[in-house]
Amino acid sequence: MTRFTKALCFIGLTIAMFMGTLDTTIVNITIPKIMTDLNGSLANTSWVMTIYTLAMSVFMITASKIADRFGRKKIMLLGLLLFGGFSAACMTATSLSMLITFRFLQGLGGAIITPIVLPMGIEVFGKEKINRVASVVGAVTALAAAGGPPIGGIILQVASWRWIFGINVPLAILAFVLIAVCAKESYDESLAGGIDFPGLVFLTTALGGVTFGLLEGRQYGWTSLLILTSLIGGVLALIAFIATEKRVKNPLLELDLFREKTLSASSIVYFMTGFALVAPSLILNYFLQNVLGDSPLHAALIIIPVSLTIMIAMPLGTKLLDKTGAIPVTLAGMLLMAASLFLLSLIKTETATALIVVLLVINGFGFGFASVSMVASVRYLPKNKSGIGSGIVNAARQIGTCLGIAILVTVLDTNIDTAKTQIHHAGDQIIAAKTLSPHVKTVAHQQLAAVFAGSSTPTKHQQKKMRQTISEAAKVKTNLPKPAAGSDLRKLYDASAG
């Protein structure tokens, strides 16, 4: 394979990784518009986002194993067909149920393509180039995961939400052609026999149950029968899976791989970065648009430094890894992420945008340094085990994202509900204590109630409307209260009335 052919092949692989990862977060920003166009509730429409993450989490390890056994190139091409085809189908969806179904099948394609990219890249360039290959793949993964909301915001500014899915189609075609023409087939030669179907069923049930429980616990209630059954059933299936894998001849997941401490540690780090990713991609984006009233484009421009910084930090982190080892670089990345997220939790409506951007840049460096765990995860594995190793680490990140959504969004919802109740009550007390005409008080109470009625209008815009409406009500001169008896104002009032 010539250098040019290798480059073309790797471009196709990185496009595949970028698409599959991007779609885990790019759709989040479109939920309000999809709700309106397809007449869905927030709870139902959120499944457009949830179902993709669910499919990715559940099928990623299984897809890695099938690709190792039957050929990574042919399984990759199948995944690209699924992903690109159902991206096009999502564009044409005319109902919410249709869109959710297509998103699940698109997620199945994403679960196939993303874990195969790294082992195919290693096959192209050889094990001696593993650091460079894993560095680029890790950077693309981190860039796509963090860049979803900004890219989505830019697309929404110039086109319909349907083009969030439409951009995947030409990219999938390009990746398919490049990989079909340039890549060579590769396998895990140590595998033989058929697929471990009992293990497949138990692992799918375990990941599906736990992931569904984490994602939907907020919606159905953490103590509801559905969620408890899902979580407990998932844990029991995981126990059954481990017991099965210890006995079968050709296990779906070789548990001995976890004896490699680097793989185990990298999986934990990637799990934590997946969790932390929710903060800038969802929570901060909510603050910018729903509290400050920023447009999707403006919010995107504020958040995009995370993605740009990752592009710098990941290659730099890989070079540092060669000199210092994985532990110092990864630890520095985690500390930078923790510090930046803590400081971001302190921002207020009057916080300068420049300060938010600086904190996001720090977060991007932390994310990039921590993501070198992708390099470390396969560095000490045999070449033929890089596929399943990649699948494990990527699945860990997806599950971390699910847990992040479950916990952080639940905390956000609880804080918002508590704050609304407290502010509404305090506002009613202030209005009641003021010397205002009954008409103005009535209008003020009505406007205050409207602000907390669950409107999707940003808070700053609601406050402006409230001030304008109360100001108009204050101009009404009928039914005004009389000033206190004996006061100078009462004398003027009586004189004017006489």
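Every residue number used here counts from 1 along the chain in the order it is shown.
Cβ from N, Cα, C; glycine included.
Unlike curated records, TrEMBL annotations are generated automatically.
The domain 'Major facilitator superfamily (MFS) profile' annotation in TrEMBL covers 9-444.
Annotated transmembrane segment per TrEMBL: 7-31 (among others), in sequence order.
Taken from TrEMBL, the feature transmembrane segment covers 43-63 (among others).
Taken from TrEMBL, the feature transmembrane segment applies to 75-102 (among others). Residues 16, 19-20, 23, 34, 38-40, 44-45, 47-48, 51, 63, 66-67, 108-113, 116-117, 120, 162-163, 165-166, 168-169, 171-173, 175-176, 179-180, 183 of the same chain lie 6 or more positions beyond the ends of the transmembrane segment (75-102) yet place their CB under 8 Å from a CB of it.
According to TrEMBL, the transmembrane segment annotation covers 108-126 (among others).
Sequence annotations record features per position, and here TrEMBL assigns transmembrane segment to 133-155 (among others).
For the transmembrane segment (161-183), the residues of the chain that approach it from at least six positions outside its boundaries are 1, 5-6, 8-9, 11-13, 15-16, 18-19, 23, 26-27, 30, 33-34, 37, 73, 76-77, 80-81, 83-84, 87-88, 90-92, 106, 120, 124, 152, 155, judged by C-beta separation under 8 angstroms. Among the features that TrEMBL reports, transmembrane segment is placed at 161-183 (among others).
Here TrEMBL flags 195-215 (among others) as transmembrane segment. Through the fold, the transmembrane segment (195-215) approaches residues 50, 53-54, 57-59, 61-62, 65-66, 69, 227-228, 230-231, 233-235, 237-238, 240-241, 244-245, 248, 250-253, 395, 399, 402-403, 405-406 of its own chain, all at least 6 residues removed from its boundaries and within a Cβ separation under 8 Å.
According to TrEMBL, the feature transmembrane segment maps to 221-243 (among others).
Feature annotation from TrEMBL assigns transmembrane segment to 263-284 (among others).
What TrEMBL lists as transmembrane segment is 296-314 (among others).
Positions annotated as transmembrane segment by TrEMBL: 326-347 (among others).
Residues annotated as transmembrane segment in TrEMBL: 353-376 (among others).
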